Amino acid sequence: MAPGLARISLRSQLLPLVPLLLLLRGAGCGHRVPSWSSLPSAADSVQRDRDLQQSPGDAAAALGPGAQDIVAVHMLRLYEKYNRRGAPPGGGNTVRSFRARLDVIDQKPVYFFNLTSMQDSEMILTATFHFYSEPPRWPRAREVFCKPRAKNASCRLLTPGLPARLHLIFRSLSQNTATQGLLRGAMALTPPPRGLWQAKDISSIIKAARRDGELLLSAQLDSGEKDLGVPRPSSHMPYILVYANDLAISEPNSVAVTLQRYDPFPAGDFEPGAAPNSSADPRVRRAAQVSKPLQDNELPGLDERPAPALHAQHFHKHEFWSSPFRALKPRTGRKDRKKKDQDTFTPSSSQVLDFDEKTMQKARRRQWDEPRVCSRRYLKVDFADIGWNEWIISPKSFDAYYCAGACEFPMPKIVRPSNHATIQSIVRAVGIVPGIPEPCCVPDKMNSLGVLFLDENRNVVLKVYPNMSVETCACR
């Protein structure tokens with residue numbers, strides 16, 4: 001054989017062995033395989049997505065100190081996603097989160113969940129169990145064994161065995177124990193090569209538990225090995241998210257039912273004229289007489305100065321929210337005013353909202369400059385002003401707007417009058433039938449508002465309330 005052909009043949013035989021020679025260089029046959037955790041895996045891309053869930057970032061900063069846990073961060077991002085896209089969360093209007101309480105039973109961690117804060121009107125759509133999967137305990141990597149042969153050496157890599165699979169077990173706690181409760185479901189999990197957050201659909205488990213009235217559940221991640229009983233960090237505690245559709249959220253006064261935390265009628269403070277032993281009436285009491293501000297939604301005293309002591313007699317002492325509009329008091333001399341300022345300020349004993357006279361004067365001046373025809377007026381609601389800021393996480397305030405103005409004949413098209421409102425305004429203008437009021441300026445189109453708040457059990461809840469902000473007004 002020619003020398004050139006021999007060199008080409010030898011080169012073609014040695015070329016496949018180049019990677020193996022590089023592996024064995026410097027350590028012979030005793031070189032160890034890199035650990036599993038250092039090898040690239042397909043889960044790395046999933047890990048990058050999970051990092052968004054693990055790192056609080058700006059979302060946690062919005063929650064303030066003491067609330068920067070993974071559950072609150074996850075819920076805040078759902079809230080921000082709704083505000084950004086406008087799509088209902090999970091296809092419904094309610095998302096409830098439930099934190100776990102850790103206990104160690106038989107040297108194994110068991111997580112308890114109390115789901116009793118779910119309302120009967122909330123129809124469950126889906127439920128997910130979120131947990132942090134610890135990195136598996138891999139067996140030690142085997143060495144590389146090489147068997148020399150006559151012409152070339154062949155080496156075989158012995159990969160480590162796979163770790164044991166995890167079993168996620170759910171039980172109801174009708175017996176108040178984790179090991180004797182009714183088995184609700186179990187699923188096998190393959191631990192990922194690296195620690196990351198995972199989510200599993202447990203809709204059937206939650207729906208069955210609610211149908212049976214057993215909303216105290218336990219979850220256990222069983223690997224077959226005894227745990228040392230060392231609790232995991234609170235940032236890695238599992239939690240449950242329940243996506244639901246609240247069928248009662250469009251009912252009247254639904255926002256107060258879910259967000260109000262105290263009785264608007266203080267204990268021991270009775271309605272005028274009510275019997276001492278009469279039971280409290282949860283309905284809103286309204287005055288029999290109707291004052292002019294209730295007809296055109298304008299602030300009282302906009303057109304005329306009210307009488308000093310008779311202006312507030314049309315209202316009960318305590319409506320659901322007492323009227324924030326106080327009558328203007330007669331002007332006092334400078335000496336009397338100075339003497340009044342020197343008096344000691346005594347805070348009001350009532351929990352009902354009250355605004356000072358200067359605020360009302362500014363509001364009236366703004367309305368004097370606004371058009372008299374029915375239109376949308378600006379109104380910003382701050383939850384701190386009504387005492388709800390202690391449990392509402394976001395938003396702190398929102399633009400509610402309101403409708404006010406006259407619906408006089410002839411009504412322009414800009415006020416979008418209904419046919420009935422048009423006929424009513426004509427009958428009033430003709431004056432054949434006495435006592436016919438003007439059509440009312442009311443909201444026509446309204447927008448929803450997502451509210452992130454803490455329920456009575458300090459669980460973070462996201463609800464999308466309809467008809468919270470006025471978009472357009474019309475005469476009706």
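Each Cβ is built from the backbone N, Cα and C atoms, and glycine gets one as well.
The disulfide bond annotation in Swiss-Prot covers CYS374-CYS441, CYS403-CYS473, CYS407-CYS475 and is backed by similarity to another entry. Under the heading N-linked glycosylation site, Swiss-Prot lists ASN114, ASN152, ASN277, ASN467, citing sequence analysis as support. Per Swiss-Prot, region 'Disordered' is recorded for 268-305, 330-358. Marked as signal peptide by Swiss-Prot: 1-29.
What Swiss-Prot annotates, mapped onto the structure for a quick look.
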{"residue": "ASN114", "record": "N-linked glycosylation site", "DSSP (3 states)": "strand"}
{"residue": "CYS374", "record": "disulfide bond", "DSSP (3 states)": "coil"}
{"residue": "CYS403", "record": "disulfide bond", "DSSP (3 states)": "strand"}
{"residue": "CYS441", "record": "disulfide bond", "DSSP (3 states)": "strand"}
{"residue": "ASN467", "record": "N-linked glycosylation site", "DSSP (3 states)": "strand"}
{"residue": "CYS473", "record": "disulfide bond", "DSSP (3 states)": "strand"}
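On the backbone, the CA of ASN114 (N-linked glycosylation site) and the CA of CYS403 (disulfide bond) stand 43 Å apart.
Cα proximity to CYS403 (disulfide bond) (within 10 Å) is found for the following recorded positions from CYS374, CYS441, ASN467: CYS374, CYS441.
Taking the C-alpha positions, the distance from CYS407 (disulfide bond) to CYS374 (disulfide bond) comes to 6 Å.
With CYS441 (disulfide bond) as the anchor, the candidate recorded positions are ASN467, CYS473, CYS475, and the one with the nearest CA is CYS475. Counting only same-chain residues at least 6 apart in sequence, those with a Cβ under 8 Å from the Cβ of ASN467 (N-linked glycosylation site) are SER250, PRO443, MET446, ASN447, SER448. Counting only same-chain residues six or more apart in sequence, the Cβ atoms lying under 8 angstroms from the Cβ of CYS475 (disulfide bond) belong to CYS374, CYS407, MET411, VAL415, ARG416, PRO417, SER418, ALA421, SER425, PRO439, CYS440, CYS441, VAL442. All protein chains shown were included, and the count of other CB atoms within 10 Å of the CB of ASN114 (N-linked glycosylation site) stands at 15. A simple way to gauge crowding: the CB of CYS441 (disulfide bond) has 27 other CB atoms within 10 angstroms, across all the protein chains here.
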